[in-house]
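Undergrad: Once you've had a glance at the structure underneath, I'll fire off some questions.
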């Protein structure tokens, strides 16, 4: 077996047979050398390279995977150990009583934020920043700008005009007190009612946690009491500005303004998504300016808009999806050559408004195909809208991907009113309204799209005949899948009907909103999943089917948005009743002792599983629409004076005044 070797002498010493003893090592070395000598030079090189790369990969990935696994495991344990009552899924205890009850069930507070500790106070290793969605961003915390929550309000004034006869079970938060008046509203008639007070309480509970653990950063991680960065511009703060103004939270609004004045800078080398930065940051600043008339917000809006302008430097007129705020370098998304159709067509309200309010046409001219069309500058629509208008469509419907370099749709991509397609259709209507109903080209594109939706996407479920909007996979094959994102459509259709568009839009909008409410009420938690499928087979028992990967809830606003439009336009109290039930479910299943969190499983009231993330749109959209839904004042952001962008930031309708 071992040529020219006395086997009996190998391993015959006192340590024979023990791994690590000199004699055992002799055997290992001999065997390794024997087989090594039989390998060719190429095989040896490949083996060495494999060992080297395997070692490097292990050093790099294994610690990161270990920490990720431990964090997920501990977060899951925390979320499953929270004690919950399941006797009534739509009634929640509020305020200090709930916070005290669950105060010992969450992750311990961090120590010094500068000590390099992870979410649970343990020493961690800092790894390189990896670009990607916010959920993948893990930045080292700093101890700058930590501010304690404070301030208080007085008990609410109950109004006879509040027609919702649902008992508010549980107590209001301590800070829910006295009469609050909207800043631009004069008495009488400006007092908020009890349900609005509850929404204010939810906002302040969210805000105080954001101030304490994520001040000046993009989004709060409420379980681990830390934060995550996406754009690095205080996204939650900017998204919530107009909500605070509308709710008359003067102290919170003032401290946010102070941070913007002293600390906010866009001079950072960071790639941002043009669409998200436009609707959240630019839209939030413009809305705050219009409501408060504070020029600081307009100055900041111009700054960030100027930094995003290079994204429009394309041959097609269709902007790139991403742009660096410092260098101005723009590019297609990292994951592929095509942009989402909704992203490149959901920026016009904001840039048009900026040109209108500043008198500087560059924000609009940058998107105008005046070099390609024989229209006077004032008659030309923006380049993206004009370009999309000329592209071939399926009865007004568009695929969800478009290439910024060629300006062409990816013909084989899905057609949907949901993710990556939704706000294209929303902005067709709202650009027409914003223009003072003068842009007839956009109006016709919207009407054509709704007719295409009725022909290709609108169906009824079995057995309850719920009206829903499906998808066309590959632009051809129908799928009964509907995102929660589609729930904006009911309100949009009703808004269009209110502005003189076909009367059947009103009925379709009502039925779609009813379906979206059913997506909440049929779940054990009273909260909707992110995606549902509808039963199309006769004889089936359940209309709504939820796949395991789609059970999460991100505290999205779309259903509440539609309820707001329907109540404001029809005056039917059922929409406020539905909204109140949804609000109480959010209170029961997403509220934490500090802040709120999206959840993993709406079908498990005993173990919903917190995702450790409070989205900026929870404060910027969802709570704002709840507050407006419960308002007794029809002149609070009147729909004949303002149009809401897709992030719920109200912008003025253009007029000749």
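Quick reminder: no glycine exception, Cβ is built from N, Cα and C everywhere.
The feature active site, proton donor is assigned by TrEMBL to 276, 530. Per TrEMBL, active site is recorded for 422, 558. Sequence annotations record features per position, and here TrEMBL assigns Ca(2+) binding site to 646. What TrEMBL lists as compositional bias 'Basic and acidic residues' is 110-129, 137-147. Among the features that TrEMBL reports, disulfide bond is placed at 487-516. According to TrEMBL, the feature region 'Disordered' maps to 91-160.
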Undergrad: So which recorded positions are near residue 487 (disulfide bond), with CA atoms within 10 Å, out of 276, 530, 646?
TA: none
Undergrad: In whole Å, note down how far the CA of residue 422 (active site) lies from the CA of residue 530 (active site, proton donor).
TA: 14
Undergrad: Ten-angstrom check, please: count other Cβ atoms within 10 Å of the Cβ of the residue listed as 'Ca(2+) binding site', all chains counted.
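TA: By my count, 26.
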Undergrad: Quick check for you: of the recorded positions 276, 422, 516, which have their Cα within 10 Å of the Cα of residue 558 (active site)?
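TA: Near residue 558 (active site), where near means Cα within 10 Å, the recorded positions are 516.
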Undergrad: Sequence gap of 6 or more, C-beta under 8 Å: which same-chain residues meet both conditions with respect to residue 516 (disulfide bond)?
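TA: Once residues fewer than 6 apart are set aside, residue 516 (disulfide bond) is near 484, 486, 487, 490, 528, 558, 559, 562.
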Undergrad: How long is the line from the C-alpha of residue 276 (active site, proton donor) to the C-alpha of the residue listed as 'Ca(2+) binding site', rounded to the nearest angstrom?
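TA: Spelling it out, the Cα of residue 276 (active site, proton donor) and the Cα of the residue listed as 'Ca(2+) binding site' are 10 Å apart.
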Undergrad: If we count other C-beta atoms within 10 Å, could you say which of the active-site residues 276, 422, 558 has the fewest?
TA: 276
Undergrad: Give me the Cα-Cα distance between the residue listed as 'Ca(2+) binding site' and residue 422 (active site), rounded to a whole Å.
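TA: One finds 10 Å between the Cα atoms of these residues.
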